[in-house]
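S.K.: My questions will all concern the structure given below.
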């Protein structure tokens with residue numbers, strides 16, 4: 001049977017391909033040190049696990065859950081925004097639970113994109129922004145993120161005709177893959193831009209809790225007018241080491257939240273209630289869970305950056321996320337350098353061109369590796385003949 005065009009036109013998912021490549025190498029006996037996928041290596045905090053165990057033992061959680069999420073969970077999310085950002089949210093109309101934020105990101109274009117419609121996507125960017133638009137039959141239009149503009153979209157450079165036709169604009173700060181942060185004035189300009197052109201902003205805040213060196217990332221929702229023009233996705237995956245739990249949310253503009261919820265009622269059956277109780281515990285439990293996590297990534301970053309710079313590779317210091325976005329040495333493109341390092345040392349860095357055309361010339365280095373393995377990686381690189389200058 002021939003595949004549908006939507007599958008034929010869909011590129012392979014970057015991280016699935018990375019998994020396959022690393023698995024092949026391990027089968028061949030390679031001791032792989034992967035800085036590739038942003039999957040925290042630490043365990044979920046004990047208080048969250050214990051709440052999950054308690055909830056699983058309660059038979060009332062074993063039935064079909066609510067499509068939009070338990071009221072208690074949605075209320076906790078709303079309270080979290082109030083306490084952290086001073087933003088009031090209606091848990092009944094402005095909050096919907098998600099089976100991880102990726103699910104909501106993938107479903108949103110189906111709410112608004114008809115065949116041929118335009119959505120703006122950051123480049124480089126999380127691949128799901130582009131593929132979700134393609135699956136909905138839309139046309140993703142790249143918005144370059146370049147170092148000269150601090151990896152922020154230049155809103156004034158977006159073609160007027162494109163802006164008038166665009167229906168969605170995916171934004172993500174702190175940013176994956178660049179580790180960039182967005183100042184408050186950028187969000188204010190973004191809201192004005194969206195209001196002018198009647199574009200729905202979809203802000204992906206998956207790394208909102210991973211601010212380093214005392215930096216506290218803002219929320220799109222905290223700015224005046226944000227609820228009028230868009231929504232924000234977030235997840236418990238990265239800050240609480242819960243990538244496998246699949247629990248997140250979307251908040252903001254009520255008609256967009258309603259549309260996203262309507263899609264979900266026809267596709268999935270919601271989040272297992274025991275996981276939602278664990279999510280409530282994550283958002284209301286000890287604050288030192290976040291502090292321990294950010295301290296860990298700061299230490300790893302400092303160790304790795306210092307070691308790579310000693311080798312002559314001038315990598316930047318990220319202020320948020322657990323990613324270092326590093327220029328490859330002269331004479332290589334992203335794939336060539338990543339492959340060369342992997343073949344020589346068994347160390348994997350993700351080639352930047354996997355995140356889009358404007359990711360060429362970079363690699364993404366995830367700090368989801370223990371200090372011991374970081375030291376081992378630095379030693380391997382030091383003993384190799386790889387030129388970093």
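From the backbone N, Cα and C atoms, a Cβ is placed for every residue, glycine too.
These came from Swiss-Prot, pasted as-is:
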BINDING   13, 38, 102, 126, 176, 364  substrate binding site
BINDING   67, 101, 102, 126, 176, 207, 235, 236, 237, 246  pyridoxal 5'-phosphate binding site
MOD_RES   238  N6-(pyridoxal phosphate)lysine
S.K.: Just to be sure I understand: of 38, 67, 176, 364, which binding-site residues have a C-alpha no more than 10 angstroms from the C-alpha of residue 238 (N6-(pyridoxal phosphate)lysine)?
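M.R.: Neighbours among binding-site residues, in sequence order: 38.
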S.K.: Per DSSP, residue 67 (pyridoxal 5'-phosphate binding site) is which: helix, strand or coil?
M.R.: coil
S.K.: Which site among 102, 238, 364 has the most other CB atoms no more than 10 Å from its CB, taking these as recorded positions?
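M.R.: Counting every other Cβ within 10 Å of each candidate, the maximum falls on 364.
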S.K.: Using a 10 Å cut-off on Cβ-Cβ distances across all protein chains shown, tell me which of the binding-site residues (176, 235, 237) has the largest neighbour count.
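M.R.: Of 176, 235, 237, the one with the most crowded Cβ is 235.
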S.K.: Output, ordered by sequence, the same-chain residues six or more apart from residue 126 (substrate binding site) with a CB under 8 Å from its CB, or 'none'.
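M.R.: Residues satisfying the criterion: 105, 172, 176, 177, 204, 355.
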S.K.: Using C-alpha atoms, which one of the binding-site residues 38, 102, 364 comes nearest to residue 67 (pyridoxal 5'-phosphate binding site)?
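M.R.: With Cα distances computed to residue 67 (pyridoxal 5'-phosphate binding site), the winner among 38, 102, 364 is 102.
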S.K.: Nearest by CA distance to residue 235 (pyridoxal 5'-phosphate binding site): which of the binding-site residues is it, out of 38, 102, 364?
M.R.: 102
S.K.: What same-chain residues, at least 6 away in sequence, bring their CB to under 8 Å of the CB of residue 38 (substrate binding site)?
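M.R.: Those within reach of residue 38 (substrate binding site), by Cβ under 8 Å and sequence separation of 6 or more, are 176, 238, 321, 322, 323, 366, 368.
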S.K.: In Å, rounded, how far does the Cα of residue 364 (substrate binding site) sit from the Cα of residue 237 (pyridoxal 5'-phosphate binding site)?
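M.R.: Here the two Cα atoms lie 19 Å apart.
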